[in-house]
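In TrEMBL this protein carries:
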TRANSMEM  B:256-278  transmembrane segment
DOMAIN    B:257-380  domain 'ABC3 transporter permease C-terminal'
TRANSMEM  B:298-323  transmembrane segment
TRANSMEM  B:397-417  transmembrane segment
TRANSMEM  B:423-448  transmembrane segment
DOMAIN    B:478-683  domain 'MacB-like periplasmic core'
TRANSMEM  B:481-502  transmembrane segment
TRANSMEM  B:719-738  transmembrane segment
DOMAIN    B:720-836  domain 'ABC3 transporter permease C-terminal'
TRANSMEM  B:758-791  transmembrane segment
TRANSMEM  B:812-829  transmembrane segment
Amino acid sequence: MAEPIVELRGVGKSFHEGDRERVVFRDASLSIEPGAWVFLFGRSGSGKSTLLNLVSGIDLPDRGEVRVDGSDLSRLSERERTLFRRNHIGFVFQFYNLIPTLTVEENVLLPLELSGTLTPAGRRRAAELLDAVGLADRGRAFPDRLSGGEQQRVAVARALVHAPKLVLADEPTGNLDAQTGRQVLDLFQRLLRPAGTTLVLVTHSGEVASLADRVLSIKDGVLVDAAGVPGAGA
Amino acid sequence: MILWRAGMRNVLRHPWLTVLAVLGVALGVAVVTAVDHANEAAQRAFRLAAETVAGRATHQVVGGPTGLAEDIYRRMRVELRVRGSAPVVSGHLQLAGRTFQLIGIDPFAEPPLRSFSSRFADRGLLTTLMTRPGTVLMLPESAAELRLERGATYPADSAGVRRQLALAGFLEPPDQVSRVALASVLVCDIATAQELLGMVGRLSRIDLILPDGAEGGRVLREVRAILPPGADIVPAGARAGALDQMTRAFRLNLKALSLLALVVGMFLIYNTMTFSVVRRRRLIGMLRALGVSRREVFAMICAEALLIGVAGTVAGLVAGALLGSELTRLVTRTINDLYFVMEVRRVPLLPGALWKGALLGVAATLAATMPAALEATGAPPRAVLSRSQVETRRRRLLPLATCGGFVLIAAGCGLFFTERGGIVGGFLGLFAVIVGYTLLVPAAVMLLSALLRPLLETVLGSLGRMAARGVVVSLSRTGVATAALVVAVSAGIGVGIMVGGFRLTVQNWLANWLQADVYVTSADRGGGRYRPPLDPALVRRLSVLEGEALVTLSRRVRIEGAAGGTELFSLQVPERTFLRYPFKEGDPARAWSTFRSGAAVLVSEPYSYRHHLHPGDSVTLRTSRGERRFPVAGVIYDYGSDTGIVIMSRAGYLANFADESVDGMSFTARPGLDLARLLELVRARVGGEQVTVVSNAQLRQATVEVFDRTFAITGVLRMLTMLVAFVGILSALMAMQVERARELAVLRAIGLTPGQVWGVVCGETVLIGLIAGLLSLPLGIAEALVLIYVINLRSFGWTMQLAITPAQLGQALLLSVTAAFLAGIYPSLRIARTSPALALKEED
Ligand SMILES: Nc1ncnc2c1ncn2[C@@H]1O[C@H](COP(=O)(O)OP(=O)(O)O)[C@@H](O)[C@H]1O
Ligand SMILES: [Mg+2]
């Protein structure tokens with residue numbers, strides 16, 4: 001069996017608000033194989049975004065261990081975690097989060113520049129991706145000219161342009177109508193599956209669960225496999 | 001560099017904010033550069049002139065008020081065979097509407113000493129200069145400027161007498177430096193100068209080049225042995241350093257004011273940059289999530305600031321160059337009024353001032369950016385940090401800032417009580433108090449807006465409550481804006497109270513000091529504070545008025561010495577007048593008899609302060625009978641000279657200085673004679689002489705005018721500081737409104753009319769203005785106290801009255817409310833006009 005790309009062992013995480021403590025994870029464990037698609041369900045406020053933050057090294061656990069691609073994130077410095085993120089992770093957010101002062105094309109090129117691979121080949125890949133998401137002709141536009149669905153497609157292109165091993169998507173379809181949401185998921189299907197890229201996706205919509213290899217949910221601070229979904233628990 | 005492009009576009013996206021920040025830096029840099037330039041230009045002009053005129057002289061033989069007898073020079077040459085020596089007769093005269101320094105020399109003795117005379121174009125010129133009386137040389141440039149032609153004759157005035165001067169030829173200095181220095185110098189033969197300046201048979205000084213070592217020491221002793229008691233040898237450098245010494249405090253005061261403008265400018269940058277970071281907290285969080293490192297975020301913010309800083313600095317230097325020549329004029333005028341006459345020609349921005357301004361502008365920008373850049377770096381890499389969280393984090397710093405403020409204020413006050421700190425210590429303390437006070441501002445804003453909330457509520461209803469809360473909710477914005485306004489307005493109050501008190505003090509002093517009805521002096525102002533003597537025949541003619549009025553005779557001279565000069569004012573004064581003099585120490589009645597006989601002297605307050613002299617101590621003066629000690633009989637208030645004066649009775653002066661000349665006369669009408677009649681009598685006797693006859697009222701008026709002129713530059717700097725503050729508050733308010741566009745758009749969407757939105761915004765800005773005005777009152781008064789009791793005392797030794805009028809304070813309050821209100825108009829109009837839909841869509 002291949003080494004898991006994401007591994008959580010006994011993770012505890014809580015937030016303090018004033019003198020009140022809010023426990024999000026008590027004892028969460030998880031292991032994801034390379035190339036697997038994991039969908040994460042859960043009520044709002046159950047800790048889905050927190051989990052993604054932990055996996056991406058944006059946040060650190062209070063207890064336990066988060067390993068991504070073999071390295072224990074707690075042992076990395078802030079700078080090392082940042083570099084790790086820029087090189088190996090692609091992010092898609094619910095609110096698109098494009099840089100408003102950069103054009104669509106520049107937004108897509110930014111991760112390449114950050115990882116130092118702004119080569120002609122990289123540019124070609126960016127152009128291909130923009131074409132793939134159907135926005136080849138909007139490269140010079142600024143994000144605020146685009147509709148929500150279009151913005152999210154740009155965000156997908158941006159998340160994939162540097163060929164990350166792991167893509168994290170936090171309710172990428174949450175702000176879109178059902179049809180536009182499906183378009184975005186189709187994009188993932190077309191662009192991630194062939195490359196064997198691992199995907200962790202947070203969603204509310206049950207009907208997309210069929211695309212997943214595995215479905216998880218958060219209950220009382222632990223991660224549980226949601227029953228009755230094909231491929232779950234693999 | 002895609003990342004950097006994002007930053008740069010951000011700067012361009014809110015152009016007016018960027019422009020205001022650039023403007024703030026530019027104004028600060030311009031003021032500092034201009035003041036620096038003006039100070040430097042004046043100092044350099046004086047030093048150059050002094051050095052060029054002194055040439056390579058190592059020492060100078062100087063005499064008493066009437067100079068030296070010619071005979072001394074002859075004996076030095078003939079008996080002692082001192083080769084490197086040259087006689088000089090110098091004074092001032094007016095030619096073609098300009099004041100020139102006339103330097104009479106002996107062309108044959110000059111060559112080893114000075115270069116302006118070493119290359120007389122032809123021998124014929126030399127002969128003309130020496131044989132034809134009334135011939136002079138000047139720079140060809142100066143002649144061209146004044147349209148004077150070689151060979152032609154022009155009228156020149158000196159000591160109230162008009163004579164004809166012929167321009168025999170041109171000076172040809174060997175280098176550019178002496179060319180600049182000689183711009184207002186006329187060179188002539190010694191006999192011509194003696195004739196023109198009324199110094200026949202006398203010399204102003206003898207320049208000497210003494211060899212180093214034992215040989216030089218021997219010559220020095222030999223020369224000293226033949227000098228009469230009234231003369232002395234002093235090192236040549238002593239005079240060149242005179243300006244530094246005399247005007248140091250004056251220049252320091254200007255510099256401190258200019259730095260204040262820069263400090264206010266720094267607030268502006270701080271505000272702009274902090275705003276730019278806070279506004280982009282989402283964006284920065286996003287970039288961090290994408291893998292942009294802290295260091296890169298930091299660099300991006302600094303680069304943005306650098307762009308603003310460099311643009312502002314360049315603009316500031318250009319403006320500084322323009323402002324600099326204007327300030328040079330003001331500084332020169334003040335120096336001419338207060339210290340001595342000199343002319344400063346227009347010079348391009350001095351490299352020193354330029355570099356200092358450039359460095360200061362960029363460094364100040366970066367320093368003011370640091371807090372914002374650090375905050376950006378600290379932002380966690382996720383897009384969830386909300387506005388309220390930022391404010392909460394800021395609010396946690398509040399107790400820390402408040403404590404820091406109190407500590408700084410305490411430290412500043414400590415400096416005021418350590419005498420050893422001197423003027424620099426005083427200014428450091430002042431700056432510490434100002435900065436400390438600004439740290440207290442945020443806490444005070446919270447307190448005051450809570451207190452003022454009921455007021456706003458009654459005036460504006462719930463909108464008023466919203467405005468009051470708005471000020472507190474965005475404290476990180478409003479706190480800084482208010483602090484900048486407080487600094488500027490309080491500086492206005494402080495300097496205003498100080499100048500006002502000073503003015504009042506001077507007026508009161510004049511009332512005691514100027515007791516006579518009519519004054520007569522020579523009309524020639526070429527010598528600055530020192531006037532040439534009146535024609536003895538005129539003095540005799542006017543003295544006949546003794547029957548109708550009490551007549552006094554006075555003379556103001558400078559006694560040169562090794563440690564610089566001493567201003568000696570001698571006058572013959574009736575007992576009645578003397579008893580009313582403004583004594584600070586000593587008893588007029590007891591001082592009178594020793595003063596009248598000339599055995600004791602009075603010193604002015606600054607003199608007493610500088611030389612640590614009090615009644616019972618004594619002053620050493622070099623008289624015509626050698627050095628003599630005069631007991632100090634009293635210290636009197638005097639605001640005419642900041643270096644201080646020694647006052648002696650005329651009897652004492654005549655006995656000690658072998659100079660019978662008089663340069664001022666005053667007349668007090670005896671009972672039964674009215675002022676108009678007295679003026680008429682004096683004018684009739686003056687006849688066609690070039691003298692000024694003024695009444696007491698006119699003289700007081702003129703003195704106060706000089707005073708006002710002296711402080712004109714202070715007023716200009718104060719206004720500029722205010723302008724920077726205005727730009728600051730404008731940009732802070734705009735930033736605040738841009739940031740709140742969404743919130744206000746929501747209000748619009750809910751149903752607030754544009755007018756109501758306008759009301760909320762203006763209510764907020766007016767509240768800020770009111771708070772800033774209130775907060776600036778205590779600081780302004782504190783600044784005035786420090787300026788009066790620490791800075792001015794340590795600079796000049798002057799006692800001043802403190803006069804705080806409610807009008808001054810009310811004005812300051814009005815000023816800050818108006819500034820804030822004006823600054824709020826544009827942003828609030830803009831906000832009120834935007835469509836709610838648009839503002840809701842905009843994400844960042
Ligand atoms: N920075 C934070 N400070 C305090 N509480 C937080 C913070 N981030 C998340 N939480 C809390 O943790 C819980 C989980 O949040 P999140 O992971 O964002 O939920 P979701 O499943 O909706 O994405 C929520 O109750 C939220 O209030
Ligand atoms: Mg979430």
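Yeah, the Cβs are placed from backbone N, Cα and C, and that goes for glycine too.
The DSSP breakdown of the domain 'ABC3 transporter permease C-terminal' (B:257-380) into helical (H, G, I), extended (E, B) and coil residues amounts to 106 helix, 0 strand, 18 coil. Ranked by number of Cβ pairs under 8 Å to the transmembrane segment (B:719-738), the listed stretches B:397-417, B:423-448, B:758-791, B:812-829 are led by B:812-829. Counting residues per DSSP class in helix, strand and coil order gives 102 helix, 0 strand, 15 coil for the domain 'ABC3 transporter permease C-terminal' (B:720-836).
Listed as Cβ neighbours of the transmembrane segment (B:423-448) (distance under 8 Å, sequence separation of 6 or more from its ends, same chain) are residues 249, 252, 256, 259-260, 263, 267, 398, 401-402, 404-416, 471-472, 475, 478-479, 482-483, 486-487, 490, 771, 774-775, 779, 782-783, 786-787, 790-791, 794-795.
Here the domain 'ABC3 transporter permease C-terminal' (B:720-836) has a mean pLDDT of 78 out of 100.
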